[in-house]
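Worksheet: the structure to be examined is printed underneath.
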Amino acid sequence: MAPPIDHPVLDVALAALDAGRQALWRTDSRAVLATKSSRSDPVTATDRAIERAVRDAILGVRPHDLVVGEEFGSAGEPGRLRWLVDPIDGTVNFTYAIPYAAISIAALDASGALVGVVWDLGSDETFIAVRGQGAWLGDTRLAVRPSVPLADALVGTGFAYDASVRAVQGRVLAAMIDQVRDVRRFGAAALDLCWTAAGRLDAYFETGLKPWDEAAGALVVREAGGLVATDLVGIGDDALTVAGPPGLFEELSERLGEVLADVRGPVGDVSAS
Ligand code: IPD
Ligand code: CA
Ligand code: CA
Ligand code: CA
């Protein structure tokens, strides 16, 4: 179904998504080719094929843009739009055939994220957002859940690949688990953000996300009325990302700040846009 919003850059993003989908269906290999930053960080031929297809589709019609992807880094020219591509967000799930993984594509201009599209390859759902035009799933306009106290919140999270960051994340989780309704670790940050936008989670947090993990999903949350901070003081050099409805967003950010201070030292400001 055509989305009820319209933007020329959205057309490019959706065409690139389609090119990525075709590459997925052509390649469809779940075998781990190699691990990258750690043994828990796999890559498949499908990740690489999708990224090539998405990048080529974007640069084919917008040769003066810059495309930055997880697997191949930068291609094109800096200056106009900057695209952030996660060819498969949730590669570990993909290698186990767990149907929670996505292609995530964002286009950014000088003011930040302009367009975000996230396609869940398990459910065939496509989350779409255009700055100022809302966030959509098919013809349904998305809205974050109404704010609830943290103690009543179902909160999504995830873990970095770096072992020392993971160790701290484990301590944060241990401190948070009795302060919320429950915690979910589904395994794909872009979808976790879209699910927050769709009201399937109350809120979400993670330390150490990369720009391609969160750019599209964060726009989907903001256009669904939520707040997102991607630059809170986290663990070492890894920033903390928090998303949720106004009210719960602040409570969760502040609580995480306190917990992080307990487990590893002082924490900076809570700010959102
Ligand atoms: C990962 C997933 C995971 C999150 C990690 C990400 P990848 O992305 O989004 O849920 O916890 O931080 O790196 O490697 O599957 O694209
Ligand atoms: Ca990866
Ligand atoms: Ca990712
Ligand atoms: Ca990825």
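Just so you know, glycine gets a Cβ as well, placed from its N, Cα and C.
Automatic, uncurated: that is what TrEMBL annotation is.
The Mg(2+) binding site annotation in TrEMBL covers Glu70, Asp86, Ile88, Asp89, Asp213. Counted within 10 Å of its Cβ, the other Cβ atoms near Ile88 (Mg(2+) binding site) come to 28, all protein chains included.
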Q.
I'd like the number of other C-beta atoms within 10 A of the C-beta of Glu70 (Mg(2+) binding site), please.
A. 22
**Q.** DSSP state at Asp213 (Mg(2+) binding site), helix/strand/coil
**A.** helix
Q: Could you work out which of the binding-site residues (Asp86, Asp89, Asp213) has its C-beta surrounded by the smallest number of other C-beta atoms within 10 A?
A: Asp213
